[in-house]
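Q: Please see the structure below; I have some questions.
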Amino acid sequence: MCYTNFVSRQVSKCIHFFSTIRYIIYLRMFCGLYYNCSSSFKIRCIARLYCFIIYCLNLHYNSYIFTTNVSLTNFFHTFIILAEVSVHILFSLYTGESNFISFCIEMNKLTSDPNEFIATKCVTTHFIAYLVIVSHILSSTLICGARASCFTFSVILTSMTFLTTLLSRFTTIIMFDVVWIRMRSLRKILVNALESDLAENEKAKSIESFLNAYKQIIASTRITKLATRNLVIFNFVSMFGRIMTLIYFCINNPGYLDTYHMSLWIFGILLAGFVTCAPPVLVEMNVNELDEIKYALADQLVDYTDDNYRTAIYNALDYVEVHSIRYTLWKNFPMDLTMFFGFAGFCATYIIGLLQFTY
């Protein structure tokens, strides 16, 4: 019985670990994306050395495009992937993901347990992560024809390269997913308080508590704003290049790949596009939560008796209106579903133009 309970506890711990943010961070490091994982200088040096070795292996394996006579399409496709890997790994080695860690520290202030944030269960993030991992394993297996002899070091390194390009987006995904979890929790707590039979002075205290927590969230997201903005722009530019490369290859080499391998290539591009577009979708979800909060506050203005309660409502509405959770990439270009549809339309326009010039 004791042994059974021990095994059950260990299995429960494993399941819990694989459903936390810590697992995603460790998985990123396995693919060469460094972060300051320990206060020990020796451990940090070993981790940096490991990530740098992974980067050198990626660089060495893909350097054939500079030394051999490859097609222009193959050159640009490999060069874009190599550029993605280089930017993300070198950026992580240089910064140690300090912005993301600072974000974690600030978000921890909203919780009583200092270990709660890193153990947060982000369902959306883990759904995307496991979808990426399972899909990539299946596609690699199918490409190799399910023959063990095909799983050579080069195949494993290629898989890690593609995984690195996908997992490099996950700090941004985690950030917006955690913000969405916090915003959803704040919205439920505030709405329940406003719809209850509490006195108006108690409701005003609930609004004040919400506002303090919301200010903490805004302060947390501002820490990573510049880095997030630059990485999102870079990811969308590289995604556009990969899509155009695929279309150009399909037009100029219609019979080079069979339908089976072409389908796998297209699936890989779609998977990368899905991961790239996840942050704008999560931002839209955050904005929707904030809109519901504003509607709930505005409803309280219909019937109130305490002027202090009215002042608290207006202060909250003014603050959330001025300090929105919405992200902008530059000037007034928002990072939400508008960006997603704009990117899709931009790609469609260039694809049509490419087809017109070709035919």
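Even glycines carry a Cβ here, placed using N, Cα and C.
From TrEMBL, for reference:
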- 15-35: transmembrane segment (TRANSMEM)
- 47-64: transmembrane segment (TRANSMEM)
- 76-96: transmembrane segment (TRANSMEM)
- 117-139: transmembrane segment (TRANSMEM)
- 151-180: transmembrane segment (TRANSMEM)
- 231-251: transmembrane segment (TRANSMEM)
- 263-283: transmembrane segment (TRANSMEM)
- 337-357: transmembrane segment (TRANSMEM)
Q: Under a criterion of three or more Cβ pairs within a distance under 8 Å and sequence separation of at least 6, are the transmembrane segment (47-64) and the transmembrane segment (231-251) in contact?
A: no
Q: Mind checking which residues reach the transmembrane segment (151-180)? Cβ under 8 Å, same chain, six or more beyond either end.
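A: Long-range Cβ neighbours of the transmembrane segment (151-180): 21, 24, 27-28, 31-33, 54, 57-58, 61-62, 81, 84-85, 88-89, 97, 100, 103, 107, 117, 120, 122, 124-125, 128-129, 132-133, 136-137, 140, 144, 217, 220-221, 224, 228, 231-232, 235, 268, 271-272, 275-276, 278-279, 282-283, 285-286, 289, 325.
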Q: Tell me whether the transmembrane segment (337-357) sits in contact with the transmembrane segment (231-251), defined here as at least 3 Cβ pairs under 8 Å among residues 6 or more apart in sequence.
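A: In contact, yes.
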Q: Cβ under 8 Å, sequence separation of at least 6 from the ends of the transmembrane segment (231-251): give me the contacting residues as numbers and ranges.
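A: Same-chain contacts beyond the ends: 73, 76-77, 80-81, 83-84, 87-88, 91, 168-169, 172, 262, 265-266, 269, 272-273, 276, 279, 329-330, 335, 343, 346-347, 350-351, 354-355, 358.
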